[in-house]
């Protein structure tokens, strides 16, 4: 039996620790380390929630899980494992989504502290808002390879998670990659995984076949667990590796094409729960694709683009490129001899041909606009590996920040960055003072308000609901009414109540330039006033713009290189071991011992550092900051 270190704490703090009730959201990479640290520090009352089930690929870093646990609830098994070495703990496990309406503001008010170890931005936004509504301190954290971050969020004292716009998320949960891609980057990651499965170093983290254990495909916990168990049992459908199967076919391009783009897609369609609110994928048939005629307008578009790498081809051309690249890679692999492996390199023409063609074929299947080779090359090759030690360091820092809060010294809390290499002061851990709330934040301001530029004659109520209120402003169950004194209801959280409005244009309800909309989410205890700015001059494919943010385009949003962000650690970055990600040591360069708010812009940091003079410390020199860095670092969602 392990003994907690509460004896090392002063009596008042030890009592506060033992009496505190904590909520840990996520039981994956960081979550496992955090639960262990918490009980060994003396925390006795812990609630842990996670929707996910345990997969074989988790076992190399989520140490509370063993092979016998595969298919079971992460939260439940984490509880059982912790109780084995600290049975005195009172742990409540929930196999559920934190966004379930059951976990309302009153639920959050039970807790002294909330600690996030999530794997998607929507849930992170939601927990941020729930903690603000409940006035409970939230400790955020994230890891990406050797990089990590911990920060504290307290209503009225610090910035909230949404005080500044976040970049497009750069890595994604495994079930999104395998089952429900919605952006081109999902398909590019899938294609790179496929390269490694067929020609490179096989890795359980890089599975490309449909994920039968996807929690979303089976909402009931027992059903999800049963699916996961079945998918990992010996003797299940073709439990042969992708590479072995491909070898058995002689790397036949047509057979590979049929399995990946027809049979696997048909199997996904049998998981009908996935497609209730999504457009279902459309399988491709090799023969039908070969009989397609190239659209002349596509040819004209191609030629007008000039450079070959910037052309977007048609499906038939990508199918042929896929076949050609498979043949070429098969020869390269054979030349290396038995047991050889190819290493993916974005500068290898054959490897890029394979990823470009496979990714675009998958984009087409899932109704996305296909991308040029140039675009795909810019997004590929930047996948970050999971480092178990990083999770351990970050979990320890979370506990230390929690102890400061329980000591009543929140002013001593810091945003702490873990770097890959020491800074000029020879430090890997760099603390920065917490920033105050952004007075213009549309979440934590006293009266949240935002201006949205759109064309009222083109934007429908459904677009307002799904893309603006839910996706952009992260509401879960919104009610939207026109602030016209009449209370005209556009959108209701009651299912079916305003469905007839969905395809009507905003202008049909009298909405025009200057109209104010009131959006309420009663679950989040959150109200947002939306000022409509009518415009007929938006860029092509741009549906709306939030004034102060970048434009929002129709369909999949463009993705940037993955290297600019930091993942969260619930499913903490299981990524290709053959990735050629650039060095990350310049992601954060702060030459500070303990000073300087973690501002989000170069100008702010430069100005603040130029003005700041320290009474008890030497002057701080900030070498340089990247614009998309600091607070935004904690926003990557890791692959699993």
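Cβ atoms here come from the backbone N, Cα and C positions, even for glycine.
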Correct range for region 'Disordered' (source TrEMBL, candidates 111-141, 142-172, 173-203, 204-234): 204-234
Cα-Cα distance linking residue 420 (SUMO1 cross-link) and residue 163 (Zn(2+) binding site), given in Å to the nearest integer: 27
CB contacts for residue 444 (Zn(2+) binding site) [other CB atoms within 10 A, all chains]: 22
Remaining residues near the recorded Zn(2+) site, that is with C-beta within 8 Å of the centroid of the site residues 160, 163, 441, 444: 132, 159, 161, 162, 437, 438, 443, 445
DSSP helix/strand/coil residue counts for the domain 'Ubiquitin/SUMO-activating enzyme ubiquitin-like' (452-539): 19 helix, 28 strand, 41 coil
Between residue 166 (SUMO1 cross-link) and residue 160 (Zn(2+) binding site): CA-CA distance (Å): 12
Cβ neighbours of residue 441 (Zn(2+) binding site) where a neighbour is any other Cβ within 10 Å: 16
Among 192, 420 [recorded sites], residue with fewest other Cβ within 10 Å: 420
Cα-nearest neighbour of residue 441 (Zn(2+) binding site) within the listed recorded sites, 166, 192, 259, 420: 166
